[in-house]
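Copied over from Swiss-Prot:
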type: TOPO_DOM; residues: 1-28; note: topological domain 'Extracellular'
type: CARBOHYD; residues: 8; note: N-linked glycosylation site
type: TRANSMEM; residues: 29-49; note: transmembrane segment
type: TOPO_DOM; residues: 50-57; note: topological domain 'Cytoplasmic'
type: TRANSMEM; residues: 58-78; note: transmembrane segment
type: TOPO_DOM; residues: 79-102; note: topological domain 'Extracellular'
type: DISULFID; residues: 100-192; note: disulfide bond
type: TRANSMEM; residues: 103-123; note: transmembrane segment
type: TOPO_DOM; residues: 124-136; note: topological domain 'Cytoplasmic'
type: TRANSMEM; residues: 137-157; note: transmembrane segment
type: TOPO_DOM; residues: 158-199; note: topological domain 'Extracellular'
type: TRANSMEM; residues: 200-220; note: transmembrane segment
type: TOPO_DOM; residues: 221-240; note: topological domain 'Cytoplasmic'
type: TRANSMEM; residues: 241-261; note: transmembrane segment
type: TOPO_DOM; residues: 262-274; note: topological domain 'Extracellular'
type: TRANSMEM; residues: 275-295; note: transmembrane segment
type: TOPO_DOM; residues: 296-314; note: topological domain 'Cytoplasmic'
């Protein structure tokens, strides 16, 4: 049942997710592609987590945050991808009212945690390059745990603002969501109640988090760049740059896409463009992160080779 009679109006008890396409051939092709991407995402990020756990050479703050970033990537992708895959296989993909709220909240939670972790990693690089003598004090285990806990608290608060706003909306008419998951913007369009406050609160919290984390990342890298340019040693410059390139690549991919969705005016792009960009940052980027860090980071590659050699000769 998608509708429930309640007094003088009909309340929506579930939603129909329209997905990415109605073309049956394209649905099969997309199912295979996205399933492969999801399997690579889970296996790649799990491998990153396990490698960091078992390699003593990687027991540093940067890799501590990277392991939790990998966990967030798995959660982020898993919040929408399994349901998207089901959508390709069934003629009409329905999701309950409660399930929609849970999916929205989990996607926002893991996405927000990723924002904070990327900012924490930028701060870590700033301390390592600009204040190397104070690194052990400023990035102690206690500080790392505090930054991690702060990331999860920030994720919880932002997710709460979205889910509470969603549950405050009243749906009494159309229940067809023009998306492949329960994104907040298309849900607001279906509401038959006043959306002025419920729509503003999540936008404010999400926008504030994006601005604050981008500010931390930008300031960190400005100081890093200034410090690198002051270095007299070419080898020192190259080493400093190499420790930042993988993180900068991940930041550019993630923030570039979420800025398109949440910062640019809605009139500047269509719903179909929104869907494509959403697939990129919710499905593709979580797959790319472990590849970026493993291919561009010498310590990760070195630890991987040592573990492979150990397993081969053991």
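Cβ coordinates are placed from backbone N, Cα and C, and glycine is handled just like the others.
Each residue in the topological domain 'Extracellular' (158-199) gets a DSSP state, and the totals come to 22 helix, 2 strand, 18 coil. The DSSP breakdown of the topological domain 'Cytoplasmic' (221-240), given as helix, strand and coil counts, is 17 helix, 0 strand, 3 coil. If you look at the transmembrane segment (103-123) against the transmembrane segment (29-49), you find fewer than three C-beta pairs under 8 angstroms, all six or more positions apart, and that falls short of contact. The helix, strand and coil residue counts that DSSP assigns across the topological domain 'Cytoplasmic' (50-57) are 7 helix, 0 strand, 1 coil.
Counting C-beta pairs under 8 angstroms (sequence separation of 6 or more), the transmembrane segment (58-78) fails to reach the transmembrane segment (200-220), with fewer than 3 such pairs. For the topological domain 'Cytoplasmic' (50-57), the predicted model reports an average pLDDT of 86. Within 10 Å of the C-beta atom of residue 192 (disulfide bond) sit 15 other C-beta atoms, taking all shown protein chains into account.
Listed as Cβ neighbours of the topological domain 'Cytoplasmic' (124-136) (distance under 8 Å, sequence separation of 6 or more from its ends, same chain) are residues 61-62, 65, 220-221, 223-224, 227-228, 240, 243-244, 247. Sequence-remote contacts of a segment are chain residues at least 6 beyond its ends whose Cβ falls under 8 Å from one of its Cβ atoms, and for the transmembrane segment (275-295) they are 20, 34, 37-38, 40-41, 44-45, 47-48, 66, 69-70, 73-74, 76-77, 79-81, 84, 107, 111, 179-181, 183, 246, 249-250, 253-254, 257-258, 260-261, 269, 301, 304. Residues 2, 12-17, 19-20, 27-28, 30-31, 34-35, 38, 41, 110, 163, 166-167, 171, 177, 180-182, 187, 282-283 of the same chain, all 6+ positions outside the topological domain 'Extracellular' (79-102), place their C-beta atoms under 8 angstroms from a C-beta of that stretch.
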